[in-house]
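Have a look at the structure below before the remarks.
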Amino acid sequence: MASKSSIDHEAIPVTALNCSFRKKLGLYLNPQNTVAADWRTVAEMMDFTYLEIKNFEKRDYPFEKVLTEWETRPEATVANLLSILEKAERKDVISDLKEIIDDDCRKYLERQLRKPVQVPVVDSCGPRTKEREGITLYDDPEGLTPETFDAFICYCQNDFQFVHEMIKQLEQTEYNLKLCVFDRDVLPGTCVWTIASELIEKRCKRMVVVISDDYLDSDACDFQTKFALSLCPGARSKRLIPVVYKTMKKPFPSILRFLTICDYTRPWTQAWFWTRLAKALSLP
């Protein structure tokens with residue numbers, strides 16, 4: 001385990017910071033403060049323009065939106081976030097939340113350190129395989145050949161009808177793809193967060209993110225998306241495929257705005273929708 005003294009915040013992206021930290025940071029910065037710097041000052045120091053900040057003011061939780069927007073930039077490291085808070089003279093925030101920050105950073109570093117040994121030849125014989133065997137419906141009972149998938153489907157329960165259509169169009173046709181649908185493929189009695197991480201990182205080549213207004217309110221979808229983004233920042237465009245299947249009232253998540261979208265809401269492009277998605281998931 002990485003010790004507190006060994007943490008290099010400069011090497012850790014802001015996406016490593018979990019929801020609990022983001023909510024607590026928002027509690028400090030969202031209220032308008034005439035004495036200390038609030039979210040507007042921090043946003044300005046993150047190089048957001050006046051018009052962008054005025055638009056953020058319309059949001060219910062403006063700083064969470066600022067942080068989500070900022071973390072897509074190359075300079076969005078934990079070290080730079082701490083530096084900005086310090087320059088804004090909010091050392092009180094750093095002091096109160098430092099333990100949570102370091103804990104999230106250690107978890108991120110531990111995931112990175114485990115990567116070199118996560119290859120089938122080594123992992124099939126290692127002691128950690130025993131902890132993960134029997135995750136999915138058709139897993140090898142001996143844990144020697146874990147079940148793998150073409151794509152992990154990130155969705156919320158209210159969008160499950162569209163996921164059913166996705167199964168029909170991609171698995172039960174000539175495309176013959178294999179999707180990982182949590183409610184269908186994962187055995188009950190397992191830890192949701194741990195197993196989702198395992199499936200996204202090691203068992204699935206790609207991840208389809210079903211975007212909707214309900215998705216934006218789902219903690220599970222938020223975790224899965226940010227976990228996938230943190231795995232391989234340099235290859236995000238190949239790993240994640242956002243899908244929009246119905247009109248949204250809320251803004252599209254800015255953390256995914258740099259990716260090409262599969263849009264089912266436009267009638268004139270629906271005929272190509274499943275072919276494009278199947279082709280993207282079939283790539284090596």
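Each residue, glycine too, has its Cβ placed from N, Cα and C.
Quick look at what TrEMBL annotates:
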DOMAIN    24-101  domain 'Death'
DOMAIN    147-281  domain 'TIR'
Checklist entry - Counting each residue once, how many in the domain 'Death' (24-101) are helix, strand and coil under DSSP? => result 50 helix, 1 strand, 27 coil
Item to check | Secondary structure content of the domain 'TIR' (147-281), with strand meaning DSSP E or B | outcome: 71 helix, 24 strand, 40 coil
